[in-house]
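Asks: Starting off with a structure, shown below.
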Amino acid sequence: MSSSPSLNTWSDALSGFSIGWFPLGLVIVAAIPLVFIALYALTYGVYGERKISAFMQDRLGPMEVGFWGLLQTLADILKLLQKEDIVPTVADKFLFVIGPGILFVGSFLAFAVLPFGPAFIGADLNVGLFYAVGIVAIEVVGILAAGWGSNNKWALYGAVRSVAQIVSYEIPASIALLCAAMLAGTLSMQQIILMQAGPNGFLHWFLFTNPIAWLPFLIYFISSLAETNRAPFDIPEAESELVAGYFTEYSGMKFAVIFLAEYGSMFMVSAIISIAFLGGWTSPLPNIGGLELNTMTSGPVWGAFWIIMKGFFFIFVQMWLRWTLPRLRVDQLMYLCWKVLTPFSLVSFVLTAIWVINH
């Protein structure tokens, strides 16, 4: 596939302007639209989980606030804003306060390299995939700060479990993504997508051009569930054992920020798997004879639509699994990581290398 020039749209557009002596202003201005889009999407991700959970339990879910309960999440935010911000007297106040902030920053910084379309990306880094994986790992620091700073044994147990889980599953997840990078020959997210673009839609995606790609695809998806503490890997938040895990002592907006960070991570890993194996913002529809479906459903607006829909699809699957699979034990969690996913990820890496050499 042919490559395209750099698409650092926002940074290029802002490069001709200067905000006084404060260069950071350029970054802030560029980040504002992305932050609002992310917050809007994640706010309704909470609403979506409530509705999906209700459907699977034969309930209606939120219905009273707005049409079909669409304003329920906004009402909850207003409620949390009015809640008392409680800091335990025995807590390490600095760590207790900064923990949710680190979680939030770690979750949303990765959006800077996420391509929402052919010309809608914060920064097209040539190591974008590596950056996204690494920056999400910052959440480990926030989790540990929240658990330790709470000075609560249940919070600390939950934090230690979460850190062990995230660090362990980063290994098979990273190796699985390296398979996609090897197929594309680059770590740039935009270039990985462009390598999967073409008039035949989904037939150009790595998942359908390389049978080996199914193995790293499944490995990364399973690992992403563990990295985001989603069921059946929600051991750090096991209510029957740890009350609420590392955020047991949090209330008000600090509690809300932790949940926003969780949903931000859910969308981020869903977007990464879409980019690495399912063509990112490219249309799945092929051109059939004179019916140019792919051409008609491509472009900046369609690109944003497709990657958001692919991301929401994987978020739906994560929510679906929450109500389908029982929670694993700690020993089962570690066994799956070190004795199943990690060896298979190495096998997939070798097979992908052989495929690339021979094709």
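Glycine is no exception: its Cβ is also placed from the backbone N, Cα and C atoms.
Quick paste from Swiss-Prot:
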- 19-39: transmembrane segment (TRANSMEM)
- 94-114: transmembrane segment (TRANSMEM)
- 127-147: transmembrane segment (TRANSMEM)
- 175-195: transmembrane segment (TRANSMEM)
- 202-222: transmembrane segment (TRANSMEM)
- 255-275: transmembrane segment (TRANSMEM)
- 301-321: transmembrane segment (TRANSMEM)
- 337-357: transmembrane segment (TRANSMEM)
Asks: Mind pulling out the one from 94-114, 127-147, 175-195, 255-275, 301-321 with the most Cβ pairs under 8 angstroms to the transmembrane segment (337-357)?
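Replies: Against the transmembrane segment (337-357), the leading stretch is 175-195.
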Asks: For the transmembrane segment (175-195), give me same-chain residues lying six or more residues beyond its boundaries with a C-beta closer than 8 angstroms to one of its C-beta atoms, as numbers and ranges.
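Replies: Cβ under 8 Å, 6 or more out: 1-4, 7, 113-115, 121, 124-130, 132-133, 206, 210, 212-213, 216-217, 219-220, 223, 272, 275-277, 279-282, 342, 345-346, 348-349, 352-353, 355-356.
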Asks: Using Cβ atoms and a strict cutoff of less than 8 Å, what residues sit near the transmembrane segment (127-147) while being 6 or more residues removed from its termini?
Replies: 95-96, 98-107, 109-110, 113-114, 155-160, 162-163, 166-167, 170, 173-174, 177, 180-181, 187-190, 192, 227, 236, 246-247, 250, 258, 261, 265, 268-269, 272, 275-276
